[in-house]
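Following: one structure in structure tokens, then a few remarks.
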Amino acid sequence: MRAWIFFLLCLAGKALAAPQEALPDETEVIEDVTTEEPVGANPVQVEVGEFEEPTEDVEEIVAENPCQNHHCKHGKVCEVDDNNSPMCVCQDPSSCPATSGVFEKVCGTDNKTYDSSCHFFATKCTLEGTKKGHKLHLDYIGPCKFIPPCLDTELTEFPLRMRDWLKNVLITLYERDEDNNLLTEKQKLKVKKIHENEKRLEAGDHTVELLARDFEKNYNMYIFPVHWQFGQLDQHPIDGYLSHTELAPLRAPLIPMEHCTTRFFEACDLDNDKYIALEEWASCFGIKEKDIDKDLVI
């Protein structure tokens, strides 16, 4: 996989911004994307009028904003009802920040290009409870374009590149960590063994034949990276399963560059329940059943 793909996805894999879209029966608790500032960064300031003949000092009164700690999912914003209680309501797409470039556009599964993820989720919110809204998901980052079909031969090559990429992402994070807290101490200990292994295949645009041989030869190096990525995605909620929402931070940047992404993740869902369990995930990447260990998801 090319280096520029690697560095783009390295950031996406770690940031794990909030999940893109929640499936039915899923509770998604994330910050509103309409602003980069934390919700309720500044409490509402209540102005005090001036009196012509004040008899005592008038102190400024700071009222608590009910929305300060009330988080809404993508597409919704917090408002206060008549009882001064916070509630989440659909955001008006026209209130989304103006976009400045093509890279902010996103493509929905309806094959429609939206100006930004904010516009997409605000639109989707208005469709809640409808068949169209249930089927609508954020497909990938960037304007909609033709995605060629994934051939069977290409599908078998995809996990080879993905495994190598996951390993290299961890190594890069380890090398850049120092005081950045990119990895936990437990994760560092695992990656250190990979980093110090002289037999490790260096990052590069390798042939699928070389990647296949390296996986067979250095199989143990790939066990932890596969578990690690699962743990990075399994966040909302942390339940041992990956939903469409949780996969989005990984798949959305990948699809325009790796056209087998969608088919690969669909194939991983062996029981077609719309969720990918750890066992299904690890199996997709060629990890043997005896080496699948939930304790490695750290």
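Every residue gets a Cβ built from N, Cα and C, even glycine.
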**OP:** Scan C90, C96, C150 and flag the one Swiss-Prot records as disulfide-linked to C125.
**Re:** C90
Subject >> Of the residues N83, N111, the one that Swiss-Prot lists under N-linked glycosylation site >> reply: N111
Original post:
What residue among C72, C107 is stated in Swiss-Prot to be the disulfide partner of C88?
Top reply: C72
**OP:** In Swiss-Prot, C96 sits in a disulfide bond; tell me which of C78, C107, C118 is on the other end.
**Re:** C118
**OP:** From the binding-site residues D269, D273, Y275, E280, pick the residue whose C-alpha lies nearest to the C-alpha of C78 (disulfide bond).
**Re:** Y275
Original post:
Compared by Cα position, which of the recorded positions C144, C150, D271, C284 is the closest one to N111 (N-linked glycosylation site)?
Top reply: C144
Original post:
Rounded to the nearest angstrom, how far is the Cα of E280 (Ca(2+) binding site) from the Cα of C268 (disulfide bond)?
Top reply: 6
Subject >> Among D269, D271, D273, Y275, E280, which are recorded as binding-site residues, the nearest neighbour of C67 (disulfide bond) by Cα >> reply: Y275
